[in-house]
Amino acid sequence: MSYFLQQLINGLQLGFVYALIALGYTMVYGIVRLINFAHGDVFMVGAYLGFYALSLYHLPFPLSLIFAMAGCAIIGITIERIAYRPLRNAPRISALITAMGVSLFLEYFSSLKFIFGPNYLAYPRPFDVCIYGIGDICISNIQILVFFVSIILLIFLQFIVQKTKTGMAMRAVSYDKDTARLMGIDVDRIISFTFGIGSALAGAGGVLYGIAYPQIHPFMGIMPGLKAFVAAVLGGIGNIPGAMIGALIMGIVETMSSAYISSTMRDAIAFSILIIVLLVKPTGILGKGEIEKV
Amino acid sequence: MPKIRNLHLWLVILAIYVVIAILISLRILNPYWQQIIQFAFIITISALGLNLIYGYTGQFSLGHAAFYGLGAYTSALFTKCFPQLGIFSFVLGFLCAIMVVGLVAFLIGLPILRLKSDYLGIATLGFGIIVKVVFDNADAVIPVMGGSRGMLGIPKFTVFPLTFFLMVGAIIVIRNFVYSNPGRACISIREDDIAAESVGIDTTKYKTLGFVIGCIFAGVAGVLYAHLYSFLHPANFDFLKSIDVLLIVVLGGLGSISGTIIAAIGWTFLLEGLRVILPPQILDWRLVIYPLLLIIVMIIKPKGLGGGMEFKFLRPQNGTHT
């Protein structure tokens, strides 16, 4: 039982990081109906920015986090402006292929020696790891940090989306772009803002991931990115609480399958979930169906 | 008239073959370049398959490398298990691989092809990753397959005439398919599946047909690949490899056989050939330039560079051109 609870905590740690990435996927999909493949790589850039802030400039952890988030927000907005905006009215697959191009570009460009370099880097920890025992269960200060930062960010996001005027505009745009424009909402600005917020969250996720699993390389974003996307689909893509729930489920399922089945099979299990969800209930747990109009 | 034109065509194909064969026998092309030429043809076969699935039938697949890998592993396993059969082990392994790939494509395609556009892409991508995990862990069940250590010592059966004529065969098959009745049904599904359904086309049937044929092409390419390099590793069949093929199809042009051939051969030579010529510092930039090219092409010409264009000999001799 204590082994199970221990794995549950580890799973939640992973799940919260996935949640930070999945939110960017789901918000962007909700607004422009685009699977932003490059999102996982923005996450990677976030991890690297945090790495440089922590190890090169020796910034304290909160400042490093903000630095990574701001950097990622700028990158996200730039990507949207350059690559996706010209394709706003193109077929969805064209935009998707472009997103893949952006993803590959970020990966290979970061691998160049004068950018991040192709090697694995050890991630610095902002403080020493210490482990607290509660009964048989261990929880480290790193895990507490991951929980704490992610929950704060999730609450902050919920506040922006639900309580502010920009958030209301975001919801309006995701509901109906043209009507939103008629109501005087600057749709382009809202889309940029959404990419910025989503990328900032991914950046924060990157820093937390780097601290929790202390090794980074330019291709680290692919798998967490894809799994966070699975989480977004599982929760119902376009739905913010759904993405959080989906991400926590994904994190727990992944940790449990490593713990009880086999760690090499966990990717297969994660993507089997994806295929099953897509076939059985493509709208996910909380998503609403769309009616196809001829 | 048509007969004479076909004769011309066959002579040209034969001439290309003879020229390359002579270059090989005179040792002007060293084994390294021979391998690259064969690899280019293999990639062409695989890309033609994806073009049938995505370019003609409009079903966005990101799991092409999985079928490529399935073909490669099936045939490699068969030939390694029955070495006493000699060349027949290759022939049987080849047929076996085609059947396995076709069956898997059929079984996975039937449910998955109900999905549309990006959802289909994601589902096939998931399938590709699952297949790669299976390859990674295959040694637990069948030790010969080597799992994540890779599969060694596969007998070399792939020779230049085989790859060349299989590629020519693939081009002929795909060209004849596209201009046949089922092929036109596939194209109509790409243009508008609801409209296609409403004029009585069994969309599920033709989607699955296009998908299975396209995947078998990938399987054939995989078989050739396995017996060319005699070493297989799961990393050669991961999802980045699927994207490579997609890149070729998109750059060459959706629904263009000529474009795919040119893009596949050109891509292989740029990727492999430049390895010898350029200094290593610039070499890394290759992989940065391809995605940039992809983005630019998508923004400027979403149907690809050669989208809708076709060499004259690949078009039907009379009637309208799609």
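Cβ coordinates are placed from backbone N, Cα and C, and glycine is handled just like the others.
For A:12-35, A:65-84, A:96-116, A:142-161, A:190-216, A:228-253, A:265-286, the entry in TrEMBL reads transmembrane segment.
Here the transmembrane segment (A:142-161) lies next to the transmembrane segment (A:12-35) in space: the count of CB pairs under 8 Å, restricted to residues six or more apart, reaches at least 3. Between the transmembrane segment (A:228-253) and the transmembrane segment (A:12-35), the number of CB pairs under 8 angstroms, six or more residues apart, is three or more, so the stretches are in contact.
Segment contact is absent for the transmembrane segment (A:12-35) and the transmembrane segment (A:265-286), given fewer than three CB pairs below 8 angstroms at sequence separation of 6 or more. Nonlocal intrachain contacts for the transmembrane segment (A:96-116), taken as residues 6+ away from its ends with a CB within less than 8 angstroms of a stretch CB, comprise 34-38, 40-42, 44-45, 48, 79, 83-84, 87, 218-219, 221-222.
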